[in-house]
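So the structure is just underneath, and the comments pick up after that.
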Amino acid sequence: MVPLAVPFNSLGNALLLVFNGALATVIVIINVSVFISIIITKSLRTENRFIYMMSTCISDFGTGVSWYYLGIFDVDDTVSGKNTTYFISSNFLGLSYLVILAAQADRYHAVVSPFQYSRRMTPMKTVLVVCCLWVYAYAHVAALNLVTSATAAKISSIGMFVCNVIMLVIMLGLNIKLYLIAKYQLSREPPSAEREHRRGSLHLIIIVAGCFLLFWTPIFTYIIICDFATTHCYAFENRATDPLRILPRVNSALTPFLYVRGCTPLKQALLGKVWKCCASSSLR
């Protein structure tokens, strides 16, 4: 049997295990709830941005389920690590990362070139993009498991470096430009409820991008420095005790919450259909 991540012999260790278990539960519940809210609401599931959101909900659900294992037990999820899942569990998190970046680029295209976007990016093409990301992510995992540990480490470090560059371009460059363009467009519109709704959506994009950078940058920076600079970095005993790897999992719970908070139709579907139905069923 796989031992616990830390001995259950002190208050601090107990709180760590309870925190990781609670984090996994929150990730699972919020992402399942958002996914069901979208899938049962036709106006949402046929819109491109919600197609991306459904994909992140599925991958984040996998992240939450796998965190019951990675975050509670003594697991080092690498090729030669102890009790490893051979990157399969950890890859749910990376897949969510790729889809969020694609969704941000999609939103930029929709705002900057709305007419071209409406002709080019149909829901079916968006589904195709998402499917390609899933195929790429797990083809990457298969490749990592077919090479030596040293080669896998090099591939991962190069991949992290490329992802960092893409993240900075999309999350900083495109979102700053998107914010300026949208702000200019809003300043030319007369005051109205629709204008305030679009202003709120604009602020939501900035908040989501800011949280994404806050939770993902530390682990990317750490891996790049350790792999490229060949410096001696502190090695955490397992995933459960590594705060740099816990932070992206927190983002998996926070991102769907922010979308619910900033999208009125999604909030109405979640509270009025999914959670209300669950509450009614539990009272029977």
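Using N, Cα and C of the backbone, Cβ positions are placed for all residues, glycine too.
Just so you know, TrEMBL annotations are computer predictions that nobody has curated.
What TrEMBL records for 14-38 (among others) is transmembrane segment. Same-chain residues lying 6+ beyond the ends of the transmembrane segment (14-38) with a Cβ under 8 Å from its Cβ atoms: 4-6, 8, 44-45, 50, 53-54, 56-58, 60-61, 63-65, 67-68, 71-72, 240-241, 246, 249-250, 252-253, 256-257, 259-260, 266, 269-270, 273-275.
Look at TrEMBL and you will find 30-259 tagged as domain 'G-protein coupled receptors family 1 profile'.
Taken from TrEMBL, the feature transmembrane segment applies to 50-70 (among others).
Sequence annotations record features per position, and here TrEMBL assigns transmembrane segment to 85-105 (among others).
Non-local neighbours of the transmembrane segment (126-146) in the same chain are 48, 51-52, 55, 79, 86-88, 91, 94-95, 98-99, 102, 106, 152, 155-156, 159; each lies 6+ residues outside the stretch with a CB under 8 Å from one of its CB atoms. Taken from TrEMBL, the feature transmembrane segment covers 126-146 (among others).
Same-chain residues lying 6+ beyond the ends of the transmembrane segment (158-181) with a Cβ under 8 Å from its Cβ atoms: 97, 101, 104-105, 107-108, 111-112, 140, 202, 205-206, 209, 212-213, 216-217, 220-221, 223-224, 227-228. Annotation comment: TrEMBL describes 158-181 (among others) as transmembrane segment.
For 202-225 (among others), the entry in TrEMBL reads transmembrane segment.
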